[in-house]
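Chemist: This is the structure I want to talk about, given as structure tokens.
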Amino acid sequence: MTTIVSVRRNGHVVIAGDGQATLGNTVMKGNVKKVRRLYNDKVIAGFAGGTADAFTLFELFERKLEMHQGHLVKAAVELAKDWRTDRMLRKLEALLAVADENASLIITGNGDVIQPENDLIAIGSGGPYAQAAARALLENTELSAREIAEKALGIAGDICIYTNHFHTIEELNSKA
């Protein structure tokens with residue numbers, strides 16, 4: 001799978017992801033970019049799960065952002081509704097972490113749109129490791145959002161066999 005982590009701190013929000021793509025037990029590619037900017041660089045998003053499924057969801061999410069003039073929560077709720085109710089979309093296996101200057105959300109195929117505590121998101125196979133590391137760093141250091149995301153992703157990569165050390169990181173200024 002993968003690890004995606006998002007941290008919001010001191011006027012910045014970051015989403016970072018590793019680059020490993022696996023097929024069964026085999027690493028197929030080590031430099032996949034699972035984090036990208038959407039909607040005129042005002043939204044950042046990362047995915048965990050099937051690559052083709054995630055790219056389909058990115059496209060659909062960007063359309064929802066366009067329909068709702070970039071309103072992150074409305075676009076996320078609409079995507080989650082479609083994902084849950086459409087027979088073809090329901091088969092897509094991925095999780096999305098998305099953020100803009102105001103909010104950080106997890107979007108699932110079950111129709112869930114979750115705004116996590118402390119605006120800390122960690123999804124994918126290495127998610128629990130990254131979340132524990134990021135939480136400890138948030139509570140005990142003055143590191144920036146970017147530094148926390150990098151360190152948390154590095155720790156997840158040391159522990160999770162489905163997470164590597166090729167990182168893609170996107171950052172936005174944040175109001176929260």
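Yeah, the Cβs are placed from backbone N, Cα and C, and that goes for glycine too.
For reference, Swiss-Prot lists these features for the protein:
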- THR2: active site (ACT_SITE)
- GLY157, CYS160, THR163: Na(+) binding site (BINDING)
Chemist: Nearest of the binding-site residues to THR2 (active site) by CA-CA distance, picking from GLY157, CYS160, THR163?
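Modeler: Out of the listed candidates, the nearest Cα belongs to THR163.
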Chemist: With the Na(+) site defined by GLY157, CYS160, THR163, which remaining residues of that chain have Cβ atoms positioned within 8 Å of the Cβ centroid?
Modeler: THR3, ASP18, GLN20, SER125, GLY126, TYR129, LEU153, ALA156, ASP158, ILE159, ILE161, TYR162, ASN164, HIS165
Chemist: Sort out the sequence-distant neighbours of THR163 (Na(+) binding site) for me: same chain, 6+ apart, CB within less than 8 Å of its CB, listed by position.
Modeler: MET1, THR2, THR3, ASP18, GLN20, GLY124, SER125, GLY126, LEU153, ALA156, GLY157
Chemist: Around the C-beta of GLY157 (Na(+) binding site), how many further C-beta atoms are within 10 angstroms, looking at every protein chain?
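Modeler: Counting Cβ neighbours of GLY157 (Na(+) binding site) within 10 Å gives 22.
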Chemist: In the structure shown, which of the recorded positions THR2, CYS160 has the fewest Cβ neighbours within 10 Å?
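Modeler: Output over recorded positions THR2, CYS160: least Cβ neighbours within 10 Å is CYS160.
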